[in-house]
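Novice: What TrEMBL records for B:6, B:7, B:8, B:9, B:10, B:11, B:12, B:13, B:32, B:125 is ATP binding site. According to TrEMBL, the feature active site, nucleophile maps to B:101. Among the features that TrEMBL reports, site 'Interaction with tRNA' is placed at B:126, B:336. Taken from TrEMBL, the feature active site, cysteine persulfide intermediate applies to B:197. The domain 'tRNA-specific 2-thiouridylase MnmA-like central' annotation in TrEMBL covers B:206-272. Annotation comment: TrEMBL describes B:278-356 as domain 'tRNA-specific 2-thiouridylase MnmA-like C-terminal'.
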């Protein structure tokens, strides 16, 4: 077995499981005023402090949510609604965002009178501050640009991207779901107004995440009710999930970050061994500014779903990118935005490594990838139009 | 054998896959996503109208304990089945999209991919019997007369059938449903699908009019040449059609009138009495034969998916299949297939299939 899908979800850390298990057997609503309630509240507040400390912010700026999708929705919709005026309705968003941001922005355009300017990436998937600067004006309600791309692994210059927005007083949200635990993330230092992170990508539980939200950033809540979380996110706090999340964050910003170099070396070994077997493999994304655990590869002449099935049958798990609800592999909107031909985009796989990855797993992949690619090439691009051929493209080599 | 089971989400393909597993094959399930919806924000993405069917197929695969994937054949399906369906109607013919889908998608695009990926066969839930006798592949009608699908498989070539597996051929639908329930497959009671899958509301006319627009023409009495009415396109009609002709005045003799022929170039639809529909000679193109046609062969001809049977003599002449019907059939529409069978107690044997070109 080789698991190369840590960017989708990564195994829970023992310390997170322990913290969660312990908390599951205690009772107490963190909003209750009695002893059990105070005990629960204390656990939540300690978790909040740990997370704030780990991510360079104040406890009051930590808002617990149900995960990355909710945090993205809360930031984008909440800040847009709070700042919307007849002359300020534009959102600037990168075109390579996760669908939790992309579809939220699109929904605001379709239903809430928003306008959008898409910030396009360069061929390496990187978003450029100069390009962002060009898009900003007084009518912009919000800028949202991810810290690091979940598909191709490109890391953006967040501080430099924040600067032109900050100069105009425009709130800047960043989806840092893939960045936390992989890169140093300091919310205050970044200058961002809001930052999304989630538990299950760093060894915490599913179903819990955080929106770091600057105290002065006006935000309209999505969920109304008991007024928890600064009245921005009502709902009884999931104490076991919150304490487990804090345990995972502590681990992520210490040990995982310390091992980022090792992880990158293992990733490079994976890429090198794949290239030995498949010399024409193309590495997508930015060779320099890159998540340590990400290898995004295009295998010309193959269909991603053929490769995925053949590797799966050999016990090797990876990803073709996103899939629709029914489970159809989609050509990555990120690659398309980077200018990759659709037929090549469909022949791409993401291998993402994490805290349990080993050289043994990389060796397993190295042993089978050659024959698997050969096999997939025989099967060809069956589902596509017969005319489809492979066109030219701009590529990066790691 | 390594078997790729095409799983639509219905009960038939689920039980077919289950039988392949039970027979000891190494089975992988795939659901084909065939419907393309224009992407909006998700550039290049396609919507899924098959979410429920995909889920049903996935749950059946879970119960069987086999790997399961959804593969995207929407582009090929659109090109080879939907576009051709529209083009055929526009040309005044009546296509059979299920037959085309078997020919071009399930046993061409999917089969090619399966073979390429190292599978030996594609397994489907079709009701037809396939066996090898003295090294020769024989395709026969299903044990369930009412569900028999040999007609829409009869045009598959020897190479295609050599890699096909139809585990339901010896069973009736009722038996299949019972077996599905016994195997714990949730789709046991799922209703049969009848409509053309890409026209889920069943409104073929509406679909064609949306695709082809209005191409008005005249409804003409075949005998007198009198104009009986106007229509919005020949694609609204099928030879043998009686209802929905939009003729206000009854015929002089008071008898019902039927569509006799379609002339797409002039937009003329000829109508007339039932007996003028009677056909005794069929010339059919692109024959696929399963036996050697050395001369005329006694057979039973079938001219549409359900019904339309008559004893006949078939022969190959200049690469076309000529079928002389011993009893006239009505509603024989160009574009449909004619399949010819040799009656047999073990299931009528498919001898040949071809596309109906002209009739007399």
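Cβ atoms here come from the backbone N, Cα and C positions, even for glycine.
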Novice: If you measure the residue listed as 'active site, cysteine persulfide intermediate' to residue B:8 (ATP binding site) at Cα, how many Å is it?
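Specialist: Checking the Cα atoms of the residue listed as 'active site, cysteine persulfide intermediate' and residue B:8 (ATP binding site) gives a distance of 11 Å.
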Novice: So, by DSSP, how many helix, strand and coil residues make up the domain 'tRNA-specific 2-thiouridylase MnmA-like C-terminal' (B:278-356)?
Specialist: 0 helix, 52 strand, 27 coil
Novice: Between B:6, B:32, B:101, B:197, which of the recorded positions has its C-beta surrounded by the fewest other C-beta atoms within 10 Å?
Specialist: B:197
Novice: Going by C-alpha distance, which of the recorded positions B:101, B:126, B:336 is nearest to residue B:10 (ATP binding site)?
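Specialist: If we rank B:101, B:126, B:336 by Cα distance to residue B:10 (ATP binding site), first place goes to B:126.
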Novice: Reported as an integer number of Å, what is the Cα distance between residue B:32 (ATP binding site) and residue B:101 (active site, nucleophile)?
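Specialist: It is 12 Å, counting Cα to Cα.
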Novice: Neighbour count first, Cβ atoms within 10 Å, every protein chain included; then name which of B:8, B:336 tops the list of recorded positions.
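Specialist: The residue with the densest Cβ neighbourhood is B:336.
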Novice: Say you check the Cα of residue B:12 (ATP binding site) against those of the recorded positions B:101, B:126, B:336; which is nearest?
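Specialist: Given the candidates B:101, B:126, B:336, the nearest one is B:126.
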Novice: How many Å separate the Cα atoms of residue B:336 (site 'Interaction with tRNA') and residue B:101 (active site, nucleophile)?
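Specialist: So the Cα of residue B:101 (active site, nucleophile) lies 14 Å away from that of residue B:336 (site 'Interaction with tRNA').
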Novice: So for residue B:126 (site 'Interaction with tRNA'), how many other CB atoms are inside 10 Å of its CB?
Specialist: 27
Novice: In whole Å, how far is residue B:8 (ATP binding site) from residue B:126 (site 'Interaction with tRNA') when you measure between their Cα atoms?
Specialist: 11
Novice: For a three-state summary based on DSSP, what are the helix, strand and coil counts in the domain 'tRNA-specific 2-thiouridylase MnmA-like central' (B:206-272)?
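Specialist: The breakdown for the domain 'tRNA-specific 2-thiouridylase MnmA-like central' (B:206-272) reads 10 helix, 21 strand, 36 coil.
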